[in-house]
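Structure first, then comments.
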Amino acid sequence: MMDHRPEGIFGPKSPQALTWTISVANLTVVDKVPPEMLHLVDTYWYQFPPLETKWHAALATTIGLLALISIVGNGCVILIFSSTKGLRTPSNLMVINLAFADFMMMFTMAPPLIINSYHETWVFGPLMCEIYGMFGSLSGCVSIWSMTMIAFDRYTVIVKGLSAKPLTYVGSVMRILFVWANSLVWTLAPLFGWNRYVPEGNMSACGTDYLSKDWISVSYIYAYSVFVYWLPLLLIIYCYTYILKAVSAHERNMREQAKKMNVASLRSSDASKTNAEIKLAKVALVTITLWFMAWTPYLVINYAGIIDSSPISPLQTIWGSVFAKANAVYNPIVYGISHPKYRAALYKRFPALQLRKENATDQNSVASCTTAADQCET
């Protein structure tokens with residue numbers, strides 16, 4: 001009896017076609033990895049087929065656009081804050097440090113990732129993989145702790161008010177040195193044997209090894225998450241909680257005093273701008289939410305790896321990493337664009353960016369509106 005089955009539906013008829021089908025089916029995401037990189041690749045990834053070319057193209061396009069926005073945005077923050085006399089304050093040194101960390105994040109991460117996406121694997125060798133992973137971790141670490149220092153500075157000025165010791169340039173530099181020293185400790189540790197930097201799921205980027213189950217690797221992930229995620233997050237929440245309480249109490253006292261004086265308000269500008277309490281609440285909410293949104297998916301991926309690696313796919317790992325890097329785009333908006341004096345200096349330097357005339361009364365930051373000392377400008 002003749003076989004009338006359509007070729008390709010129930011299987012190939014020739015040995016050559018059968019061999020080709022088996023070889024295609026056995027391709028994995030690791031196949032394109034250079035031989036010198038294989039000792040860094042966990043055996044877990046051998047079960048996954050290669051990502052489709054469209055995903056690599058989408059990844060390269062996304063990281064390219066994010067890098068463009070981040071480099072331009074953070075570059076403007078660094079330029080304006082460092083060259084404008086009125087913005088060169090001790091507090092704003094930490095804003096510049098944050099912008100530099102975010103600038104470094106995309107400046108060092110995006111070009112290699114775009115090139116590797118074109119080749120669909122890591123092509124720069126083991127040493128560059130370690131350096132790439134270290135710089136990515138360092139940038140994120142400095143960014144997170146810089147945000148924490150900014151939150152602490154706002155807490156000191158707004159909550160403690162006139163009783164607080166004014167921040168000096170020396171004090172600000174010391175905090176920045178602490179941020180970098182603390183970050184270097186955590187990001188250099190994998191280079192000396194406490195965990196390691198390895199290719200991530202799709203093999204086009206490198207990060208910490210969250211698949212090894214030995215205690216050395218697992219302990220690093222837990223310790224790193226505590227001191228580079230949970231502790232900064234809790235400190236930021238603590239600071240902004242008390243800031244909102246202080247602002248709320250201040251606004252309530254202002255209303256009561258105005259009532260006693262039989263006037264509508266003690267603020268001449270209440271009719272032309274939003275209540276300072278609401279503005280500050282929005283800034284705090286946006287800051288914490290974006291920070292939490294950016295880094296939580298990557299933290300979950302790391303925890304899933306050390307607890308049970310079965311749910312992790314190459315696509316999930318790389319997009320989780322990209323989402324965390326996107327935080328470098330949010331920060332110049334939150335800490336720069338929302339700053340009225342920064343906007344004024346930016347429009348003065350680049351007049352073409354000014355689409356409308358700024359309200360003349362909107363020349364003080366949200367925080368400074370809530371303190372008699374008018375010290376908080378970040």
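Yeah, the Cβs are placed from backbone N, Cα and C, and that goes for glycine too.
Quick caveat, the model's predicted, so the values are computed rather than measured.
Feature annotation from TrEMBL assigns transmembrane segment to 55-81 (among others).
Summarising model confidence by region, the domain 'G-protein coupled receptors family 1 profile' (73-335) averages a pLDDT of 85. Per TrEMBL, the feature domain 'G-protein coupled receptors family 1 profile' maps to 73-335.
Residues annotated as transmembrane segment in TrEMBL: 93-111 (among others). Sequence-remote contacts of a segment are chain residues at least 6 beyond its ends whose Cβ falls under 8 Å from one of its Cβ atoms, and for the transmembrane segment (93-111) they are 63-64, 66-67, 70-71, 74-75, 77-78, 81-82, 132, 135-136, 138-140, 142-143, 146-147, 149-150, 153, 169, 172-173, 175-176, 179, 205, 325, 327-329, 331-332, 335-336, 378.
The transmembrane segment feature in TrEMBL is assigned to 131-152 (among others). Away from its own ends, the transmembrane segment (131-152) comes close to residues 91, 94-95, 97-98, 101-102, 104-105, 108-109, 112, 124, 175-176, 178-180, 182-184, 186-188, 190-191, 197-198, 205-208, 228-229, 232, 235-236, 239-240, 287, 291, 295, 321, 324-325, 327-328, 331, 335, 378 of its chain (Cβ-Cβ under 8 Å, at least six residues beyond either end).
Tertiary proximity for the transmembrane segment (173-194) is limited to same-chain residues at least six positions away from its ends with a CB under 8 Å from its CB atoms, namely 93-94, 97, 130, 133-134, 137-138, 141-142, 145-146, 149, 208-209, 216, 219-220, 224, 227-228. As annotated by TrEMBL, transmembrane segment applies to 173-194 (among others).
According to TrEMBL, the transmembrane segment annotation covers 221-244 (among others).
What TrEMBL lists as transmembrane segment is 283-306 (among others).
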